[in-house]
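*Asks:* Not my notes, these are from TrEMBL:
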DOMAIN    C:65-94  domain '4Fe-4S ferredoxin-type'
BINDING   C:CYS74, C:CYS77, C:CYS80, C:CYS130  [4Fe-4S] cluster 1 binding site
BINDING   C:CYS84, C:CYS120, C:CYS123, C:CYS126  [4Fe-4S] cluster 2 binding site
DOMAIN    C:111-140  domain '4Fe-4S ferredoxin-type'
Amino acid sequence: MGTSVFYIVAALSVFFSLMVIFSKNPVHSVLYLIVTFFTFTVHYILLNAQFLAVVNFIVYMGAIMVLFLFVLMLLNLNKDNEPLKSPLVKILGIIAGCCLIVTLIGSLKATALSNPLLLQNPNLGLIKNLGKELFGPFMLPFELSSILLLTAMVGAVLLTKKEKV
Amino acid sequence: MDITFVLEKFILVAIIFGISLVIAMYSTYAERKVAAFLQDRLGPDRAGPAGMFQPLADGLKMFMKEEIIPTNSNKWLFMVGPGLAMLTACIGTAVIPWGSPIVFDGRIIPLQVTDINVGILYIFGVVSLGVYGVMIGGWASNNKYSLLSAIRAASQNISYEIAMGLSIIALLLVTGTMSLKEVVEQQHGWHWNVLYQPLGFIIFIVCSFAETNRAPFDLPECETELIGGYHTEYSSMKLGFYLFAEYINMFVSSAVMAALYFGGYNYPGMDWVLVHAGTVIAPLIGAGVFFAKIFAFIFFFMWVRWTIPRFRYDQLMHLGWKMLTPLAIANIIITGIVIALIEKF
Amino acid sequence: MEPLTSKKKVLEQKPLTFAERMYLPAITKGLSITISHFFKKEATIRYPEVEREFSTNFRGMHSLKRDENGKERCTACGLCALSCPAEAITMIAAERKPEEKDLYREEKYASVYEINMLRCIFCGLCEEACPKEAIYLDGPIVPSDYLRKDFIYGKDKLVEAPLVQK
């Protein structure tokens, strides 16, 4: 049952990520991206990584995408006020896209079909084990990144304060 | 996965869904009654005895109303909006433990749909998704008041989620688990978390007022500035869904507060009741106590709504970012220090 | 000159103290006030079932009076219509036939007497103008209705009920 669910969800995530690119309306793109993130959450749950699933749910779907949507709704992007693209930009775009395809094909060729991933400890994704890992061997990077985030938050609050002359 | 297990869960889901809908329905009635009593009035009293059938009449009216979809709106998203609001409001009830397990005929029936070990985070995630219904509906209406309201709702929810999350972290330091079932079981008898986390509780309740868009933080539907807010263009049952979702949100957040801070189904003297009433009746009494706590919180929500005037938008942001967030961080630090000291000595 | 009102006085706005900035004391105070009202007796009067006691000079719906023999007092002189500032009253006069002697007091009577209740402002000037003491605004509140035409009250609604013969 697990594999069939995986294939259905994987097909859905590929489909929705394609829809992100192909939909004309940027707001629709963002909404498809949200659905794509939701399928990723389902993938995490299938891998028994509950904490990652929920964090993906809260941070990506609940916070970051809301901000994306927020900005796009205010920008009011439509055909009328879209800046004209010069031929030079178009050619550059084509070149960049081809480069990306070449890189992707090259990297795909380099990878061999690996054995199916077997988790040594299926309960690794559970919150207790994850916490022990993060606060044990990965203590320093974890704390550093948390300080980085805290600094960013304090900075954001400071930006809103009026400068005293 | 035997068939009785599936059946059991199915019945439980159906009951909880039904209860939350009925409670949301009668919250509309209760809101009007409470408002009336607080203002020395009577409230609705014509439909049925003491106006008991008022919600039914209101619901019928909602269904009968003409459905209007604005011409230049995004029809598909316009319809998705209220559905999404309702969905995110309802799925929060899945992880709340309504009572201790019933032991009947040697079979343990838990009064909780599912006990996932990230229950608190799940609720948090569902709450953070709640803003999409408002945002999508507000944007799809193609109305600037709706859009402004949607943006207000989004920024308000994101801002208060931070303080809410930080207040939950302090609670997690005390409980040491994220499973709601275990959190409730730890508060056996009268060891309620509010006694250990009073500051955290105050932060949490203020944030939940903001998250459910209730007064004094009902800026997304601020009539004086934004006509009807994000549901200006909505009519008929789509509008009904938005209004309904607000009441379900209120119910769910009351349940979460009762479970996290006020001991859920625990009450003083529950052991005595368990011995004397048996393993079927006692959990049901516990569930009754839990619902009494939920109703008390719902009443508090209404009481506050009819007391405190609406905040201004800059005051709202000031309160969220410059007062509640630092306060929540201070709460975490104090809790951490106290726990470290207790473990040391 | 000493100012008569305090309008000119500049209000001193102090910055909020710490306790005020916490909001909580003010909120609890407000909550205690509202909850005290929760237990107070409601001021509502359930109107159609219970009616408020009116003062003695209350002016409600008009009624056309009868005399002590049960005859209509109105003689269709038109003074009420003339005095009406809202022009709500219209009437058509007719001559009394001999067989109608015990219906109408005077020889001339109003065969049609209409008051448009949507126009009427209940000022009571018709009452004062009437030389025959035939119209009084001593009725209840005029009830609501759905159509404009239903607010034009004819004699069927205005004339007092006939005296019961003992």
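Just so it is clear, glycine is given a Cβ too, placed from its N, Cα and C backbone atoms.
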*Asks:* Per DSSP, what is the residue tally for the domain '4Fe-4S ferredoxin-type' (C:111-140) in helix, strand and coil?
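*Replies:* Looking at the domain '4Fe-4S ferredoxin-type' (C:111-140) with DSSP, the answer is 5 helix, 8 strand, 17 coil.
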*Asks:* Residues with Cβ closer than 8 Å to the Cβ of C:CYS77 ([4Fe-4S] cluster 1 binding site), same chain and 6+ apart in sequence?
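*Replies:* In sequence order, the residues whose Cβ lies under 8 Å from that of C:CYS77 ([4Fe-4S] cluster 1 binding site) (at least 6 apart) are C:PRO131, C:LYS132.
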*Asks:* State which of the following binding-site residues has the fewest other Cβ atoms within 10 Å around its Cβ: C:CYS120, C:CYS123, C:CYS126.
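*Replies:* Counting other Cβ atoms within 10 Å of each of the binding-site residues C:CYS120, C:CYS123, C:CYS126, the minimum falls on C:CYS123.
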*Asks:* Is the domain '4Fe-4S ferredoxin-type' (C:111-140) packed against any residues at least 6 beyond its ends, judged by a Cβ distance under 8 Å, and which are they?
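*Replies:* Beyond its ends, the domain '4Fe-4S ferredoxin-type' (C:111-140) has Cβ neighbours at 51, 59-65, 72-77, 79-94, 105, 148, 151-155, 158.
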*Asks:* For the binding-site residues C:CYS74, C:CYS130, which one has its C-beta crowded by the most other C-beta atoms within 10 angstroms?
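*Replies:* Going through C:CYS74, C:CYS130 one by one, the largest Cβ count within 10 Å is at C:CYS74.
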*Asks:* Out of C:CYS80, C:CYS84, which of these binding-site residues shows the lowest number of other CB atoms within 10 Å of its CB?
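*Replies:* Selected from the binding-site residues C:CYS80, C:CYS84 on minimum Cβ neighbours within 10 Å: C:CYS84.
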*Asks:* What kind of secondary structure is C:CYS84 ([4Fe-4S] cluster 2 binding site) part of, going by DSSP in three states?
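*Replies:* Its secondary structure by DSSP: coil.
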*Asks:* In whole Å, note down how far the CA of C:CYS130 ([4Fe-4S] cluster 1 binding site) lies from the CA of C:CYS84 ([4Fe-4S] cluster 2 binding site).
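*Replies:* On Cα coordinates alone, these residues lie 11 Å apart.
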*Asks:* In which DSSP state, out of helix, strand and coil, do we find C:CYS77 ([4Fe-4S] cluster 1 binding site)?
*Replies:* coil
*Asks:* Between the Cα atoms of C:CYS130 ([4Fe-4S] cluster 1 binding site) and C:CYS123 ([4Fe-4S] cluster 2 binding site), find the distance and write it as a whole number of Å.
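*Replies:* That comes out at 14 Å between the alpha carbons.
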*Asks:* Starting from the Cβ centroid of C:CYS84, C:CYS120, C:CYS123, C:CYS126, the recorded [4Fe-4S] cluster 2 site, name every other residue in that chain with its Cβ within 8 Å, sequence order please.
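*Replies:* For the [4Fe-4S] cluster 2 site the neighbour list reads C:CYS80, C:SER83, C:PRO85, C:ALA86, C:ALA88, C:ILE89, C:ILE115, C:ILE121, C:PHE122, C:GLY124, C:LEU125.
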*Asks:* Grab the pLDDT values for the domain '4Fe-4S ferredoxin-type' (C:111-140) and give me their mean, rounded.
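*Replies:* Mean pLDDT, the domain '4Fe-4S ferredoxin-type' (C:111-140): 89.
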*Asks:* Taking Cα atoms as reference points, which of the binding-site residues C:CYS120, C:CYS123, C:CYS126 is nearest to C:CYS74 ([4Fe-4S] cluster 1 binding site)?
*Replies:* C:CYS126
*Asks:* How far is it from C:CYS123 ([4Fe-4S] cluster 2 binding site) to C:CYS80 ([4Fe-4S] cluster 1 binding site), counting Cα to Cα, in Å?
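*Replies:* Here the two Cα atoms lie 12 Å apart.
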*Asks:* I need the CA-to-CA distance for C:CYS80 ([4Fe-4S] cluster 1 binding site) versus C:CYS126 ([4Fe-4S] cluster 2 binding site), whole Å please.
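*Replies:* Rounded to a whole number, the Cα-Cα distance is 4 Å.
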